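What Swiss-Prot says about this one:
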- C20, C23, C39, C42: Zn(2+) binding site (BINDING)
- 20-42: zinc finger (ZN_FING)
Amino acid sequence: MSLPRNVIPMPRSRFLRVKCIDCGNEQIVFSHPATRVRCLVCGATLVEPTGGKGIVKAKILEVLE
């Protein structure tokens with residue numbers, strides 16, 4: 001009997017590099033936030049929590065691993 005390849009499962013959450021639609025500021029955010037994530041420059045909402053995966057209201061530039 002062989003062992004399964006994924007003995008330890010990888011998390012489904014990621015960090016995202018997003019760009020604010022209002023001011024163009026680039027910021028790194030978590031994909032599953034517990035609180036509302038706001039832009040550090042203008043204060044616009046970038047990600048809203050939903051109890052799981054957040055609703056991203058900014059442009060996703062890159063998924064970081």
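We number each residue from 1, going along the chain as drawn.
From the backbone N, Cα and C atoms, a Cβ is placed for every residue, glycine too.
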Distal contacts, the zinc finger (20-42) - CB-CB under 8 A, six or more residues away: 13-14, 48-49, 52-54, 56-59, 61, 64
Residues that sit under 8 angstroms from C39 (Zn(2+) binding site) by C-beta distance, when 6+ apart in the chain: C20, D22, C23, N25, Q27, T45, L46, A58
For the binding-site residues C20, C23, C42, the one whose C-beta sees the most other C-beta atoms within 10 angstroms: C20
Overall pLDDT for the zinc finger (20-42), taken as the rounded mean: 97
DSSP three-state assignment for C20 (Zn(2+) binding site): coil
8 Å Cβ shell about C20, C23, C39, C42 centroid, Zn(2+) site members excluded: I21, D22, G24, N25, L40, V41, G43, A44, L46
